[in-house]
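Visitor: Would you mind keeping the following structure in view while I ask a few things?
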Amino acid sequence: MAAGLWALLLPLAAAVYEDQVGKFDWRQQYVGKLKFASLEAAQGSKKLLVGTEKNVVAALNSRSGEILWRHADKATPEGAIDAMLIHGQDAITVSSAGRILRSWETNIGGLNWETSLDTGSFQTASLVGLQDAVKYVAVLKKAAISLHYLSNGHQKWVEHLPESENTQYQMLYSRGAGVIHVLGVVPQSHLKVLTLSVEDGEVIEQTKVAAPWLKSLNGACGVVGEAVLVCADTATHSLYVCSLETEQEMKQIPLQSLDLEFADGFQPRVLATQPSVINASRTQFFLQLSPGHFSLLQCKQGLLSHLRDFQQAALVSFATTGEKTVAAVLTCRNELKPASSDGLHGNALEDSQKQEALTCSNQTYNINLYLVETGQRLLDTTITFNLEQNGAKPEQLYIQVFLKKDDSVGYRALVQTEDHMLMFLQQPGKVVWSREESLAEVVSLEMVDLPLTGAQAELEGEFGKKADGLLGMFLKRLSSQLILLQAWTAHLWKMFYDARKPRSQIKNEINIDNLARDEFNLQKMMVMVTASGKLFGIESSSGTILWKQYLRNVRPGASLKLMVQRTTAHFPHPPQCTLLVKDKETKMSFLYVFNPIFGKRSQVAPPVLKRPVLQTLLLPIMDQDYAKVLLLIDDEYKVTAFPATKNVLRQLEEMAHSIFFYLVDAEQGKLSGFRLKKDLTTEESWQVAIPTEVQRIVTVKGKRSSEHVHSQGRVMGDRSVLYKSLNPNLLAVVTESTDTHHERTFVGIYLIDGVTGRIIHSSVQKKAKGPVHIVHSENWVVYQYWNTKARRNEFTVLELYEGTEQYNATAFSSLDRPLLPQVLQQSYIFPSAISAMEATITERGITSRHLLIGLPSGAILSLPKALLDPRRPEIPTEQSREENLIPYSPDVQIHAERFINYNQTVSQIRGIYTSPSGLESTCLVVAYGLDIYQTRVYPSKQFDVLKDDYDYVLISSVLFGLVFATMITKRLAQVKLLNRAWR
């Protein structure tokens, strides 16, 4: 029977293709910036449980940093993780603004249970225990508190909180005594303490404590010891202490009595710890007096005592193992100094005030452990580690403590820096692993060609220069060939040397010193800019990070635009990239110029931008060093050129009449066109107003400047040519209705000439809404939207044609276009939502175009543009068959064989970047979101290179056989002719 079953299943088996094992593609998975983390308190533990700002719950391998399991929620505020609690093998999360409560099994990441919570503003959540067991989880909302069973999530009871309109309930506290304390505050009036029974939720006691100085409990207050509330007040420079169970008034303790003082303008924080929810909190707590000043205090029997002062501390943390609780303090190895006002923020402070951050001059840090009972430092517990110079400083600290065999304390530390890098450290300072989690939020990406090798550059140097005479050129060619021979010999020796080793021991390490362009230009440098302000140089064929650079003066939410001013084609001039950083709050901008191959800052000094930048233009004009000219237009419509040499200014003056640009003001609903004057001032040439009370501008999409169009028209069935309308200045403007009612919503699209402001075409999709994804290329526009009437996703494609006669075949000018192009339009039904969309691009534009569509499932669909052709006929004719037009069908099917990433899904995909390679058949693709995925696609198959499975042995054998047969046949023919001649 087993043999029969095996024979039955055998035909269903399928082999994995070679490109599915990472030969031409790779994927890197991330979790994002940490929001919550829990490290198992055992020496042999292997898991780190994390909840991140990217709405991810995951477990990391503490020995390698690899992701053991991961669950990513929606990439919207609805999927945000509000709280994360750990108990044994269960991880409890509250998400979706307090609407969903989940329990995860931490070993394999399985979902134990999920329950929906009542609506209401989420405040906090806490585990609740009885005697010696944790049985419940409590969730506090603005107006109610609910208790749920830890085993199945079922609600035990819910209690509405009194006076919730005026009282801000913000804290929960329970210590296994059968009651839950709910703490609320009426700002600048009093503190309210509710004591509820765990069994039925009945309010046992209500207490009001006068606190006219108290505005909020979050951060400024903490519960220590046997339910004692400790709060800090900057106005009176005091600490206030109140027992939640026995006292009804706050006891004031001036800081002067402890020889302490708050920093001016700093909001202090109280950091308490409760190792177990069935026991009381520790009586010891940290009081943060300034960004770099912490004090370890103890509150015992109503008395405050000062245990130890840490005046140069960057981060602190508590950790418990068994009966021992320790405090970890991260300090600079040398003296800390105040940082300049560069937009950096302190250690996860939630206050809105801008504080002085502390930075370490040599980027060398120490972590030490201290006994919380005495403040005494534990010997042999120092971890020393280094961060990159001019890099980010530590932002969060998590400690994993365990007891060694000799009952001494050992620990590991997880440090997260401002640039979202995770480092896992062990004594005495070994970096076990690190993760660059800022790559989970890539905002800008460019691919740059790698430089030539020395031999290739030597050969290139023979061309384009004045002749050195016949002998000189011969000697130069001879030396170049000798260099190539030497490189080839070294390559053969390496192949022979590696062939003698096991495959697992062969190292093909890629480093920044041996980077060189390959034969088909498939290997490139990927320059990625992340939201944290960190730049990466990644080798495209393997995903190896070759360099990274952190910009300290980039604020969160800043707009980042990356431009390539000079490529590697202009040897010996180094390539040059420019990053425009625009602050979200101040609107001020600055330029950062760097070498994309090595990541080093360029010696070229960019201009100082004194006004907010509205628009940038990368012109085809070059300076004497072959750097493209970048024009920056500020809010006063003044133009700044970079570089601004005399040669550049002269070229700008000559070409000013042909330089146009546009500005978009979405708030006012205006599109304005400007032209450049010879004196580098601007003049408004056109304006299009879109009424903001009816619709709003959501997207303005132009064409890629690097795009090449090979075919100027399409040959129709009657052998005539339908010429494309290839307007490089065409803008596609997408609008959405401001009315959100599903019967009145609409999506509009306007095709506007960016030089003249002429509206080429406009159309409206009624009963439709966004989000709208659009691709604008060649003579076509494809955009996707949601049809509210039919409740489905739809594509609409527009194609522009001049007709059967071309108006001006030599040069295009927007100023000389008397006739509007013909616009063909057709819509299609798509069975899935879309996360991102982009078109393939090749070096010459000969290859067929495909649309790369990122789906919410993480798959990337390669859809031939021929399926979205507005000329597809409903009833096929002889001419349409001659053109190979597919008959029109409104449904666009998703076939699994069109997924370019097979099972390598990209979570929370946000964008797709395409780049041409040296092969016309090949397009390089990078999809980024929570993960990064790189691959190659062949829209028209590989027609210009032999496939990897090409049988060289067979074809060589056939050729040798034919040559041998030819020689024998020739000899036999000669003998035959000779014999015939003798007859």
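Every residue, even glycine, has its Cβ placed from backbone N, Cα and C.
Sharing the feature lines straight out of Swiss-Prot:
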type	residues	note
DISULFID	Cys221-Cys231	disulfide bond
DISULFID	Cys332-Cys360	disulfide bond
CARBOHYD	Asn279	N-linked glycosylation site
CARBOHYD	Asn362	N-linked glycosylation site
CARBOHYD	Asn808	N-linked glycosylation site
CARBOHYD	Asn903	N-linked glycosylation site
TOPO_DOM	974-983	topological domain 'Cytoplasmic'
TRANSMEM	953-973	transmembrane segment
Visitor: Check the DSSP secondary structure of Cys231 (disulfide bond), expressed as helix, strand or coil.
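Guide: SS state of Cys231 (disulfide bond) = strand.
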Visitor: When secondary structure is assigned with DSSP, how many helix, strand and coil residues does the topological domain 'Cytoplasmic' (974-983) contain?
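Guide: Counting residues by DSSP class gives 9 helix, 0 strand, 1 coil.
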Visitor: Rounded to a whole number, how many Å is the Cα of Asn362 (N-linked glycosylation site) away from the Cα of Cys332 (disulfide bond)?
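Guide: So the alpha carbons of Asn362 (N-linked glycosylation site) and Cys332 (disulfide bond) sit roughly 9 Å from each other.
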Visitor: Of Cys221, Cys231, Cys360, Asn808, which is closest to Asn903 (N-linked glycosylation site) if I measure between C-alpha atoms? They're all recorded positions.
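Guide: In terms of Cα distance, Asn903 (N-linked glycosylation site) lies closest to Cys360.
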Visitor: Asn279 (N-linked glycosylation site) has how many other Cβ neighbours within 10 Å of its own Cβ?
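Guide: Looking across every protein chain shown, the total is 13.
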Visitor: Can you tell me which parts of the same chain pack against the topological domain 'Cytoplasmic' (974-983), counting only residues 6+ beyond its ends and a CB-CB cutoff under 8 A?
Guide: none
Visitor: Which whole-number value in Å describes the distance between the Cα atoms of Cys231 (disulfide bond) and Asn808 (N-linked glycosylation site)?
Guide: 78
Visitor: Ten-angstrom check, please: count other Cβ atoms within 10 Å of the Cβ of Asn808 (N-linked glycosylation site), all chains counted.
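Guide: A count of 10.
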Visitor: Count the other Cβ atoms sitting within 10 Å of the Cβ of Asn903 (N-linked glycosylation site), across every protein chain shown.
Guide: 10
Visitor: When you put Asn808 (N-linked glycosylation site) at the centre and draw a 10 Å sphere around its Cα, which of the recorded positions Cys221, Asn279, Cys332, Cys360 have their Cα inside it?
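Guide: Hits: none.
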